[in-house]
Amino acid sequence: MNKIDRYIATSVLSATFLVLLVIVSLDMLFAFVAELASMKASYQLLEVLQYIGLSIPNRIYKFIPFSALIGCLVGLGALASNSELVVMRAAGVSLWRIVWGVMQPTLLIILIGISIGEFVSPYTEQLADSGRAIARSKDGSSSQFSQQGVWHREGNEFMHLNAVEPGGIVHGITRFKFNDKKELLEASFADRGIFKGDYWLLQNIQSNQFKGDRVTTERLPFLQWQTSLSMDLLNVVVVKPDDLSIRGLSTYIDYLSQQGLNAGEYQLAFWRKLLQPAVIIGLVLVGISFVFGPLRSVTMGLRIFIGVIVGFSFNIFQELLGPSSLVFGFSPLIAVIVPLLLCFTVGGILLKRAG
């Protein structure tokens, strides 16, 4: 990396990190205000701050592509406003050499994003969600069915888990067993479940068994629950698809396929996560093409405004195509790759004209 590359990289990186800091801070502020509205006797300011703090890695990962686009427009745009890009071109530096100078720090941003998305965000997001759910249940609602938590199906058994701790403890386990005729056989609730390696030890169980017109109620202090839902699999189930690692998504897609269940939502999240580095490169390419093309001589404020519009438009396009693939049955890969190809096409055409 020569002096020109380092100079371009410093400008783009500093602008990207500044944009990321501003966006994540605003998102945290809005989330904090939203959480204050749902405070309870057991879910106070300290728990809210803990939840917001643990969700920071996920917010950073989520906004990296958008920040890379705006950071490119700001960093490279500042060089254009000071006529430094013109001087570089006059000194014999080619357009594609400048593009490569921008792509080098972009690769570092991608590496940071992959590290957060694969090794940090899934764990901290589970801690955040489980901590919030457990805190909210301490007001006396732990023995009741909660709207928090996650649903899971295993054969003819449906289960709802109120909260899951990473250490292998589940709070509030509601189970519904059906026969092949889809008739309810048993409904049970356990206060807690502790993972014991090859089974779950349930505590304080209330079970209602349905036989014809009769209902039999049984209370047990302990019960061994044999299930294929291991702790590793549960750590995947309780995290939202978009917050899982690529490995976690692949594991759960295989599990759903074995159970004969629809894995479309997780396949969509898998391809989004796998292709996010290419998305970042595509958005940065669009940003570079704008600086050398239609936004060459405009003000910095207009560049940022256009970048925000492009970023939101890309996100909306993704959000429309993603659910459409689940509704109309076409491959989630198509829903992810079409906006990506559009970015590369627009960026390539504009750069070719500028060159």
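Cβ atoms here come from the backbone N, Cα and C positions, even for glycine.
What TrEMBL annotates here:
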TRANSMEM  12-34  transmembrane segment
TRANSMEM  63-82  transmembrane segment
TRANSMEM  94-116  transmembrane segment
TRANSMEM  274-293  transmembrane segment
TRANSMEM  300-317  transmembrane segment
TRANSMEM  329-351  transmembrane segment
Cβ-based contact of the transmembrane segment (63-82) with the transmembrane segment (329-351), 3 or more pairs under 8 Å: no
Of 12-34, 274-293, 300-317, 329-351, whichever stretch has the most CB pairs under 8 A to the transmembrane segment (94-116): 274-293
The transmembrane segment (329-351) versus listed stretches 12-34, 274-293, 300-317: most Cβ pairs under 8 Å: 274-293
Residues from the same chain, set at least six apart from the ends of the transmembrane segment (300-317), whose C-beta lies under 8 A from its own: 65-66, 69-70, 73-74, 77-78, 81, 283, 286-287, 290-291, 339, 342-343
Intrachain neighbours beyond the transmembrane segment (12-34), with Cβ under 8 angstroms and 6 or more residues off its ends: 48-49, 52, 55-56, 59-60, 63-64, 66-68, 70-72, 74-76, 78, 102, 105-106, 108-109
